[in-house]
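Per TrEMBL, compositional bias 'Acidic residues' is recorded for 242-263. Under the heading domain 'Thioredoxin', TrEMBL lists 29-141. What TrEMBL lists as signal peptide is 1-35. According to TrEMBL, the transmembrane segment annotation covers 150-169, 190-216.
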Amino acid sequence: MACLLTNSRVANMKQPLWMSLWFLAMGLTSLPVAAKPDSLKDVTDGNWEEILTGEWMIEFYAPWCPACQQLQPVWKEFADWGEDMGVNVAKVDVTEQPGLSGRFIITSLPTIYHCKDGVFRKYQGARAKDDFLSFVDEQKWKAVEPVSSWFGPSSFLMNLMSALFKLSMFIRRCHNYMTEHLGIPVWGSYVIFGLATLFSGLVLGLLLVFIADYVFPSRRFSSPDYYQKKQTTEQARLLQEDEHEADGEDDDDDDEEEEEGDHDEVWRRRRGSPEGRPEPKGQGFSDEALRKRVVGSRDEEEEEEDT
């Protein structure tokens, strides 16, 4: 009897054990299999410098572009093959990464670049998977002229272009926010941006003037003897003007003396008779009367000439 009870207890203990193992096996089989990491990489403004090392094929696209939408399945298949070929396949959404759009001067979509150790070449071939594979495997990229260092994404010029594109995207987002969320009319947004541009230009101009004056001060005004020399020059000029005025007064006095001498000469000539003979006795005039006659005759001659 005791043996039967013992066997029944063992059977009851084994049943939950098997059920637990069965449920555990079912749970393990039902767990999702770890997904394969995506072979297509995303390049952003924050990690774009990673493409400067190794070999890369990069596609610049926009979600609204029909040609980009047709290329996406092909580009994904090419990315799966890229791992085996040792090439990194990436994509850049220009609507989300305006800095990279300006850094690479993207003017058409989709645009594809090949990069090998920081040297960039623009892909201009067909857009099939086999064409991409042969371009990399057969190293056809060596026949393509690389992008000049002046226009490389790491150059100073392209850094400025990247900043400009970021600024333009920021202005666009501000415009959308003011018109859509704040209810400001479109023309009002344009007026605000126009005034902001004018004010920032004035501030920048004044700042540049101050910097230029501080870095390159004028030697003339910075000289300690400038104001002393200026005062000396002004005094010399005033003295010269006074001398000219004094010379002018002397000339006027000389002219007056000459005129008086001419009057005396005429008076001496006319002391005789009109025919040039001396006057008879008893009919002579005093010097003062003779002078008046000469002056009166001169006035009459001037009046006749005027008439």
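Using the three backbone atoms N, Cα and C, a Cβ is placed for every residue, glycine included.
Quick caveat, the model's predicted, so the values are computed rather than measured.
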Open item on the list: Across the domain 'Thioredoxin' (29-141), what are the DSSP residue counts per state (helix, strand, coil)?
Closed with: 44 helix, 26 strand, 43 coil
Open item on the list: Could you tell me the mean pLDDT the prediction assigns to the domain 'Thioredoxin' (29-141)?
Closed with: 87
